[in-house]
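Structure first, then comments.
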Amino acid sequence: MTSQAQPGFWPPSGPEIVFLLLGVVALGSALLVVTTRQLVHAALWLVVCFGALAGGYLVLTAEFVAWVQVLIYVGAIVVLLLFGIMLTRAPIGRSADLDSGNRWAAAVVGAATAGVLVSAVVSGFHAAYTPLEPGRGTAGTLGSSLFRTWVLPFEALSVLLLAALVGAIVLSRTDIGARE
Amino acid sequence: MHIVYPVVVSALLFSIGVYGVLARRNAILVLMSVELMLNAVNLNLVAFDVWLRDRLHSGQVLTLFVIVIAAAEVGLGLAIVLAVFRTRRTVDVDRLRALSEYAAEYAAETGSGGGDRDGNGGGNGGGEAAT
């Protein structure tokens, strides 16, 4: 950001090593999510991926976001997905037809996306450096920012969440039909 | 912390999500891949918030908002998937072709169209799409 002397890419500092290890864990488990042949295992690998990302948030000093990630993603969303797997009577064991026939085209598109995005961000941000200072993402600072500056979107989002959950209930109840 | 590390991890995670959305057939696995893409965006937001030292913490606050929207999206998405499963007995997105322009031909190719419980779920979609 500023033109102060930046440390080079080698040797990486301690937080960078930790972040890179967590990133490798997250990327590996994400690859297993999209390639595994067992539905339940995909949901469990998703837990690993989200946990590693929460660790990455902790390294990036965003500790409140990390705990929200653990609570909502790992605690709520993955459980919801597991409920969905169970309720659609998915085969618990290995199933051969989880990938569609166009997976090679999908792999090409994914690789092309990765190439474009990685080359763009590397050429754009290879010089960006910031020292990490703890305390920028605590619940106190984030809460005061949330309830001072961002309180209107926060309230709008609570209404959105309420509407989405009411909609989910209406969609999943069978005794509410269309109006004749 | 070099900002390029989290940004590259996020870009790769997004591409894995793109691959998952395109390659998977089970609708719940597609939802999981969408979650991966949303998480990539979250990692970007946190990284740029740390880099730019935003005094309003807009990056991290927006990350919280995205997490809430993801929760709402998964709730609604699973409700829709369960409704589809109730009427069609399948969550295979390759076989849900009632809205396709060539739905009648697909239904003729694949036979009964997934064995509907009530018999009129697939028939309606096939009948409307006479081209």
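From the backbone N, Cα and C atoms, a Cβ is placed for every residue, glycine too.
Unlike curated records, TrEMBL annotations are generated automatically.
For the transmembrane segment (A:17-35), same-chain residues at least 6 beyond its ends with a Cβ under 8 Å from one of its own Cβ atoms are 41-42, 45-46, 48-49, 52-53, 55-56, 59-60. The transmembrane segment annotation in TrEMBL covers A:17-35 (among others).
Within the chain, the transmembrane segment (A:42-60) has long-range Cβ neighbours (under 8 A, six or more residues past its boundaries) at 15, 18-19, 22-23, 25-26, 29-30, 32-34, 36, 66-67, 69-70, 73-74, 78, 81-82, 85, 132, 137. Taken from TrEMBL, the feature transmembrane segment covers A:42-60 (among others).
According to TrEMBL, the feature transmembrane segment maps to A:66-92 (among others).
Marked as transmembrane segment by TrEMBL: A:104-129 (among others).
As annotated by TrEMBL, transmembrane segment applies to A:149-171 (among others).
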